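According to TrEMBL, the feature domain 'Nucleoside phosphorylase' maps to 32-285. Annotated phosphate binding site per TrEMBL: Ser39, His70, Arg90, Phe91, His92, Ala122, Ser226, in sequence order. What TrEMBL lists as purine D-ribonucleoside binding site is Glu207, Asn249.
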Amino acid sequence: MLPVSESLCGESYEECKATADWLLSNTQVRPTVGIVCGSGLGGLAEMLKDPQYFKYCDIPNFPKSTVHGHAGRLVFGTLKGKPCVCMQGRFHLYEGYPIQKITLPMRVFKLMGVETVFLTNAAGGLNQDYKVGDVMIMKDHINMPGFAGNNPLVGPNDDRFGVRFPCMSDAYDRKLRQMALDVASELGYNDFFREGVYCVLGGPSFETIAECRMLHKLGADAVGMSTAHEVIVARHAGMRCFALSLISNQAVMDYDSQEKANHEEVLETGRLRAEQLEKLVTTMVDRLEHNNNDSS
Ligand SMILES: O=P(O)(O)O[C@H]1O[C@H](CO)[C@@H](O)[C@H]1O
Ligand SMILES: Nc1nc2[nH]cnc2c(=O)[nH]1
């Protein structure tokens, strides 16, 4: 039996440690790299050598994946010889979990020894220069639910994870962003690579036209329903973060448009860009140094 939670929602240090210990006792892999696959981007997990799979429903304290396009399992293995753990499917606020629960895997990553986290997501393009199929390196985020107090760090702070008031001006590691730009250029991906700001909303409804216009005016280039929460918790725990948004659809900004955002298009765009994203992330992991110093 795992210890009874003293936390608000099942993300206490003891619970995360029990989950990490359970996983480490069931795999030989000692991951230093963590990967989170977004909607339609689960193929990244298939890149791992000698994979070992754990269904979320079998992992103590883990929520279950409920979204089509998220396989719902943790994959351990190596990528370019580096020990990795990969979330093939993530959790979202709209699935009904408390925000602390959807970010629990980041704390488990930390307690298993992960130093660097690569996150991917599918997002709607707000920037009018973006096209479907573009890939946006996240240089920053706007945490909309956080404005209303829905931040994953709400609740008692456990100093064993991090400080009460963590800095977020360096959330997206500068060196990794530069590495991504270099690798994208070497691979001939310049035409569809961008760098911009991601805005997270609670979902699950897609945005209205007025909301899209507002978000764009506020400085967001892409909009989605994930990632920023995970990055907040990962940074709180001192892990380096790198994140990519695949622009899976154009946010509708015009009342005359016949476009309608839908999840099938999101998954289909993921399939079209899967190979390039896998190549980029694999090359970046290959170039990673064993170094968790803040490099921004
Ligand atoms: O952010 P990921 O998990 O890629 O998923 C994105 O795609 C789904 C909508 O199609 C939403 O869950 C949105 O957040
Ligand atoms: N909120 C939101 N999430 C998405 N995920 C993929 N596309 C979109 C979108 O247009 N809006």
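Indices start at 1 and increase along the chain as displayed.
Positions of Cβ are set from backbone N, Cα and C atoms, glycine also.
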Query raised in the report: Could you give the Cα-Cα distance between Ala122 (phosphate binding site) and Glu207 (purine D-ribonucleoside binding site), in whole Å?
Result: 14
Query raised in the report: If you measure every Cα to Cα pair among Ser39, His70, Arg90, Phe91, His92, Ala122, Ser226, the residues listed for phosphate, what is the largest value in Å?
Result: 14
Query raised in the report: Which site among His70, Arg90, His92 has the most other CB atoms no more than 10 Å from its CB, taking these as binding-site residues?
Result: Arg90
Requested in this report: Within 10 Å of the Cβ of Ala122 (phosphate binding site), how many other Cβ atoms can you find? Include all protein chains, please.
Outcome: 25
Report summary line: Of the binding-site residues Ser39, His70, Arg90, His92, Ser226, the one whose Cα sits nearest to the Cα of Asn249 (purine D-ribonucleoside binding site) is Ser39
Report task. May I ask which residues of the same chain, at least 6 positions away in sequence, place their Cβ under 8 angstroms from the Cβ of Ser226 (phosphate binding site)? Result -> Gly38, Arg90, His92, Asn121, Val200
Report summary line: What remains of the binding-site residues Phe91, Ala122, Glu207, Asn249 after requiring a CB under 6 angstroms from ligand 1 is Ala122
Query - Chain-internal residues, separated by at least six, CB under 8 A from Phe91 (phosphate binding site) - result: Pro63, Ser65, Tyr97, Lys101, Ile102, Pro105
